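Here the structure comes first, spelled out in structure tokens, and everything after it is commentary.
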Ligand SMILES: Nc1nc2c(ncn2[C@@H]2O[C@H](COP(=O)(O)OP(=O)(O)O)[C@@H](O)[C@H]2O)c(=O)[nH]1
Ligand SMILES: [Mg+2]
């Protein structure tokens, strides 16, 4: 029993293993292993650990994909193809959510008629909803794509879509619905953009190592970026990654102030983000860790904020609109930014005041913007390193 436990712990304990002194060959091997470990540990010291944290659907994996595209090899054809089933699942799930949602609204709302599908689309709706509920989705044929398109264009579905915030409609819905013909081509290979839009719920932890300088790796920092699942049941895995973190990139989807959590439909997503950010800031391991806050999904935020008042969210209750159009968008953004800033300083104890804190406005789908943002992150972290080494 005990031996199984120790075998299981092999990788953890190997650095502290003791060797039999009588056996010179084993001793030599052991010395070699120790030497290599020391070498690796030294090399590891130069690697800066970056952690992507944030609630589910805040954009962590999209940033991760962008980094892969920008500073690594990107996606080869096999990898692009591996997203086909994910994209089809996004399509079928979206149409199911909208169909079932329209039925629900048609039953419960006073102006229920506008949620009733036109009679010729009823059967299609039932069929597609059944497919969307399956675990194995069929290939998206031209025929199915046509049916989905017909349903998507039904005014009842469009009415339902305009209330998507109440229904867990994914943010990629519109994009994929507008591209159904291309997606159903027999030789369809997802584009880079399709992959960025594709939504997979991350489970476990994935990592990538890169150097933003590219060609001249020696002069650039080497980063190791970790992406994790954001839903509540995934968060217990986070804690294992908290040691030795140079910077946390915390993603907050600022467009989600009128949406509820996927895993708890009674909880506003922005309130969850607020509590999560507070919890992360107070982690003992992050005393010296830099915080890069990405206020993400700005593209959705700027469209939404003119129609849905910020104060629907409890955290933003004291928001007062001052203007219209672009000016109002800026005002709303600055208000949200200030809330996060206040939260940061409230949750940062006096022992951690020299921690670096930066806020960036992001749209994770926008490659140029992510590149620019990451350059700024890189510069900030380098500066910080030089300061710590006493070189500035
Ligand atoms: N419109 C828009 N969609 C985004 C943005 N960031 C992420 N998404 C989409 O939101 C969904 C969830 O993003 P993902 O990166 O998987 O979130 P994660 O759960 O934090 O890893 C995906 O469909 C993304 O394409 C953004 O800035 N704007
Ligand atoms: Mg993810």
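Every residue gets a Cβ built from N, Cα and C, even glycine.
Record features, source TrEMBL:
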BINDING   57-62, 171, 196-202, 227-231, 296-299, 364  GTP binding site
BINDING   61, 202  Mg(2+) binding site
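Between the binding-site residues 57, 171, 57 has the most other Cβ atoms inside 10 Å of its own Cβ, all protein chains included. Taking a C-beta cut-off of under 8 angstroms and a sequence separation of 6 or more, residue 298 (GTP binding site) has the following same-chain neighbours: 254, 255, 333, 361, 362, 363. The 10 Å shell around the Cβ of residue 60 (GTP binding site) contains 28 further Cβ atoms across the protein chains shown. 57, 61 are the binding-site residues among 57, 61, 201 whose C-beta comes within less than 6 Å of an atom of ligand 1, given in sequence order.
The Cβ of residue 231 (GTP binding site) has 55, 56, 201, 262, 263 as same-chain neighbours under 8 Å, each 6 or more residues away in sequence.
Distance from the CA of residue 202 (Mg(2+) binding site) to the CA of residue 228 (GTP binding site) is 6 Å. Around residue 61 (Mg(2+) binding site), a 10 Å sphere centred on its CB holds 23 further CB atoms from the protein chains shown.
In three-state terms derived from DSSP, residue 228 (GTP binding site) belongs to an extended strand segment. Neighbour list (residue 202 (Mg(2+) binding site), Cβ cut-off 8 Å, at least 6 residues apart, same chain): 60, 61, 227, 228, 229, 230, 234. Ligand 2 lies under 6 Å from the Cβ of none of the binding-site residues 57, 198, 201, 228, 231, 298. A helical conformation is recorded for residue 298 (GTP binding site) in the three-state DSSP classification.
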